[in-house]
Amino acid sequence: MADGMSSFWGPVTSAEWCEKNYVYSTYIAEFFNTVSNVPGILLALIGLINALRQRFEKRFSVLHLSNMTLAIGSMLYHATLQRVQQQGDETPMVWEMLLYLYILYSPDWHYRSTMPTFLFLYGAAFAIAHALFRFGIGFKIHYVILCLLCIPRMYKYYIHTTDVHAKRLAKLYLATIILGSICWLFDRMLCEKLSGWYINPEGHALWHIFMGFNSYFANTFLMFCRAQQRGWNPKVAHLLRCFPYVKIEKPKVQ
């Protein structure tokens, strides 16, 4: 939300959110919307370390790196409020959803080379188109459609999982995306009213935090399901009695 203060980055050229610009620093446009991405980066790092340490398939390392890249892109966007940085945030959002679609659907895809090839070409085409045009509401609709395509497979994995702790991960995934979406909508639709409050609840920053946890819960649940498919005897353990992660036991090679 513009407040007329000059900045290091110059005039705003991207979409703005319900946070006053350059309140705490001339180098950070939306302070809370920027720093709220830090939990997502740290959670993605925890997931990446676990995936590498237990030698999960590379797709999960790439997925955690994708979450990290997306959070960093979001930080740059909200810190600068420039169009290029906004595209650097939105394009990885689409790439990340394409990666989720691959992980969710590839185990039952009979033609193994066709899906990654199609998704790669689709992602490349979108990146080029998004660099040339501003989609606005079209981008949001496109992103929501990609998210909705993931739901049927996530539900299938949920109903075929008997482990109570794994099911809890799926429930946490659902809860965080619902809460995050509510915060996003309140920030977007009730900005004028919220700005009049003594303390702005910073709904978009809360969206970042909830979605950081949402991605972590989704990744951990998918790692559990994939480990089950591979016969790795997965179990949900907890780091510092707080952060869930998947612990596996791969069968010994004779």
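Each Cβ is built from the backbone N, Cα and C atoms, and glycine gets one as well.
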- Looking at 134-151, 170-187, which one is transmembrane segment according to TrEMBL? 170-187
- Query: Which of these ranges is annotated transmembrane segment in TrEMBL: 93-111, 207-225?
  - Reply: 207-225
- Query: Can we call the transmembrane segment (31-50) and the transmembrane segment (170-187) in contact, meaning three or more C-beta pairs below 8 angstroms at a sequence separation of 6+?
  - Reply: no
- Note the Cβ centroid of His78, His204, His208, the recorded Zn(2+) site, then list each other residue of that chain whose Cβ lies within 8 Å of it, in sequence. Trp17, Glu19, Glu30, Phe32, Asn33, Thr34, Ser36, Asn37, Ser74, Ala205, Trp207
- Message: Please identify which of Asn21, Glu30, His78, His204, His208 has the densest Cβ environment, defined as other Cβ atoms within 10 Å, among these binding-site residues.
- Response: His78
